[in-house]
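Report on one structure; see the data block that follows.
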Amino acid sequence: MASSRAARRHHNPLRDERDKRLPRIAGPCSMVIFGVTGDLARRKLMPAIYDLANRGLLPTGFALVGFARREWADEDFAQVVHDAVRAHSRTPFREDVWHELAKGFRFVQGTFDDDDAFDRLSATLTALDEERGTDGNHAFYLSIPPDSFPVVCDQLKRSELAQPRDGRWRRVVIEKPFGHDLASARKLNAVVNSVFPEQSVFRIDHYLGKETVQNILALRFANQLFDPVWSAHYIDHVQITMAEDIGLGGRAGYYDGIGAARDVIQNHLLQLLALVAMEEPVSFAPAELQAEKIKVLSATRNILPLEENSARGQYGPGWQGNESVCGLLDEEGFAKDSTTETYAAIALEVDTRRWAGVPFYLRTGKRLGRRVTEIALVFKRAPHLPFDSTMTAELGQNALVIRVQPDEGVTLRFGSKVPGSSMEVRDVNMDFSYGEAFTESSPEAYERLILDVLLGEPSLFPVNDEVELSWEILDPVLRAWAKKGRPETYESGTWGPASADEMLSRTGRSWRRP
Ligand code: BG6
């Protein structure tokens, strides 16, 4: 038995002899970006591509092709990338790296319904295969609104760009929102899958590219310390917070009508829940990891009644630091009677033996007190305290806090004796901080994810089942909210609407003030 297990392990194709600590460099390929004039391309994608080149992780001959309506020549496109890289790249600018990378820039002018433009794109890619040795391997990054996915996918099919030949690959990268509810997500997926098989579809949830998010798996599965307490036996509840201090000026086109729950709970926060609550995967092979996430998401339900276990709000005027800021309704581009929520909180439970009875509270908001994303596992109180009650008046609940950003790290909060002659006990923090523990700096999420697309490594990309299960969780909440009319207004710079506080205080709990 032991020897057959050893034999199986020996034959496991996932185990190769390579030292996995060494970085992998992508093979010959190109990336085409649709929506190249957009904010995401400028702030994240172009800088990440430069940073990858600077780290030596792109193949020689890598090509970047921009596709957009503008009347640009290749040089104009190169200038746009240059400015974006100068403004937003993480690593220092190096002329030699830039010079080599820029040789592979091409621009194709056209609209999505223009057959000729896609024929020109096809010809450009064929020429790059010859000139730069991109070898027929092409990734198509759809940084465009989802209602344009069908036409672009159809064009890629028509111009035979979606079909790989002779062992080469074609991949499509899609950005959220993956639909606006379960039904539309299914439709969208059917469109994408009618052109690209599921294993060629890479859905970006950039939270999964963050170091601190990947560290959840290391914390849980590389240590013996935490596992025994990682369950309903010891944990009272879990709070997942993604708070932002910025407002929505300039983002009305995307955000109005979408709102906080669709924008980040459906994807980022439910993915964080999945990583915190899932069981240990058999290995980190993509299918094993996905299977565990799917299992936990299918066991996740809303705590009822929804009216008491969810909250939504919209920011009104207020103060952000020293600056007076306007409310959402006065932000440029938002309808004066917009009912879009900028704050959302929901309460979930995970119906498994490990988590029975433990609420998971998820909240997110714009224009809150400060920018912070964290996952706090809040422990039950000790069953018995052999102290005079005045001695523990200041003692809270133990907590393990995964600080996703900023100030990345982990905090353990526990009680400690206050120095002095009495036995007074108060909360203290024990901190691990990335900045102090490591000399290596963390790559940007998009660096990691773009590299993984080029390598064909799917672990950090949610599969369609995860997307659909997340909509199944959120849909009933969205339906309940739709019936209620306007969200509650909260003052900018505070921690959200009163109903969110009531949602927890009903059970004797309260939100952390990070
Ligand atoms: C995006 C949302 O997915 O994440 C934005 O659409 C949000 O609304 C952003 O501001 C936050 O990302 P990060 O990495 O700064 O936490």
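Placement of Cβ uses the backbone N, Cα and C atoms for every residue, glycine included.
Automated prediction, rather than curation, is the source of TrEMBL annotations.
Remember, predicted model here, so these are calculated numbers, not experimental data.
In the record from TrEMBL, residues HIS206, LYS210, ASP263, LYS366 bind substrate; the candidate from GLU244, GLU288, GLU341 listed for the same site is GLU244. Beyond the region 'Disordered' (487-514), the same-chain residues lying 6 or more positions past its ends with a Cβ under 8 Å from any Cβ of the stretch are 236-237, 239, 241, 243, 245, 247, 308-321, 325, 327, 339-343, 345, 347, 359, 361, 363, 365, 367-370, 372, 374, 376, 378, 399, 401, 481.
Close to ligand 1, meaning a Cβ under 6 Å from one of its atoms, are these of the binding-site residues ARG69, LYS210, ASP263, LYS366: ASP263. Between the two most distant C-alpha atoms of the annotated substrate binders (HIS206, LYS210, GLU244, ASP263, LYS366) there are 20 Å. Shown in sequence order, VAL404, GLN405, SER442, ALA445 are the residues of the chain, 6+ apart in sequence, with a C-beta less than 8 angstroms from the C-beta of LYS210 (substrate binding site). Spacing of LYS176 (NADP(+) binding site) relative to GLU244 (substrate binding site) is 19 Å (Cα to Cα, whole number). Taking HIS268 (active site, proton acceptor) as the reference point, the binding-site residues whose C-alpha atoms are within 10 Å of its C-alpha, out of ARG69, HIS206, LYS366, are HIS206.
Highest Cβ count within 10 Å among the binding-site residues GLU244, ASP263: ASP263. Counting Cβ atoms from all protein chains shown, ARG69 (NADP(+) binding site) has 12 others lying within 10 Å of its own Cβ.
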